[in-house]
Amino acid sequence: MGVTNKTPEFLKMNPIGKVPVLETPDGPIFESNAIARYVARLKADNPLLGSSLIDSAHIEQWIDFSSLEIDTNILRWFIPRVGFAVYLPQAEEAAIASLKRALAALNTHLASNTYLVGHSVTLADIIMTCNLTLGFSRILSKSFTSEFPHIERYFWTMVNIPNFRKILGEIKQAESVPPVQSAKKPTQSKEPAKPKAQAEPKKEAAKETAKPKVEDAGEEEAPKPKPKNPLDLLPPSKMILDEWKRLYSNTKTNFREVAIKGFWDMYDPEGYSLWFCDYKYNDENTVSFVTLNKVGGFLQRMDLARKYAFGKMLIIGSEPPFKVKGLWLFRGQEIPQFIMDECYDMELYDWKKVDINDEAQKERVSQMIEDHEPFEGEALLDAKCFK
């Protein structure tokens, strides 16, 4: 890494210089899941890929879930702690919350299933187990995984199957979450080597010894002020976002009369703004589960905005290409800049601010919140909520 993967020859195989890459007689393949699928398909009628169309779809579903919901969030938690990315407590909290949601869903599925699909190991189990291995061995301690007993049973069963054990070896569960690595400490160790440091008076020496303590303390605390973005400095709003989210989640009947009415009663047009979004490339949405995963990934990457936003994403149509449209409630009068900067999905959508004085637009907002069907004359394939 960092040497031969930057050569012109390697970049022809993978233009961004990452591993793994599989060289085949017909050309190279990159991306782990693509390689795994290719290898599985080398054997005709491979049971790892399912014995029916619906089984194959469910295998693909759990492969995507494993990558987008499990692996991604484990890495978002683990990588900053070992010093390969900037550590931000708020980002870590969001990653852990997203991971727990995903693990809860997986745990529920495994409560009544030995394997992810069917009654034997499939490619979905292989990929899920590999992704969980990083978590269990490096950051998911027993105190964390004990909340998910069916995942524990599943994982330890899988890694002790001979063919898994032959590749993965013996897995030992992490005893604790690794401490946050400091990027500054290695450079501080060079300070005493400077000749001037020995010539300083005792007073100055005392200051020097005290200084790292301030920096160390600052290192732990420094990320905390970062959430104080401009949205935290806005005048207080009469709309309490968490109260609206609770009302939305707890309303099971008479949704229009209770939740929608409650929303408009709570809504503060001075403290919040509403936005419609339309996906720019709907003609590409030809496969339903890929489209659903695309939207799911977007919502996952919006975790950094959870304190300041509420959203509904509708996947529309009974047949492809599917349309993706959304409604978002943001703190402030504009789409927050930190969201535009950090979430690349934002530029994949056209955004239009809602004029609540326009009754047609106001009604459209209400219909999107309540998953009204048909929506604009078309069936809903699915609706996802960010709250």
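Backbone N, Cα and C atoms are what each Cβ position is placed from, and that goes for glycine too.
Copied over from TrEMBL:
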type	residues	note
COMPBIAS	191-224	compositional bias 'Basic and acidic residues'
DOMAIN	1-47	domain 'GST N-terminal'
DOMAIN	52-180	domain 'GST C-terminal'
DOMAIN	227-387	domain 'EF-1-gamma C-terminal'
REGION	178-233	region 'Disordered'
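In terms of DSSP secondary structure, the domain 'GST N-terminal' (1-47) contains 20 helix, 8 strand, 19 coil. The average pLDDT the prediction assigns to the domain 'GST N-terminal' (1-47) is 90. Residue counts for the domain 'GST C-terminal' (52-180) under DSSP, split into helix (H, G, I), strand (E, B) and coil, are 89 helix, 0 strand, 40 coil.
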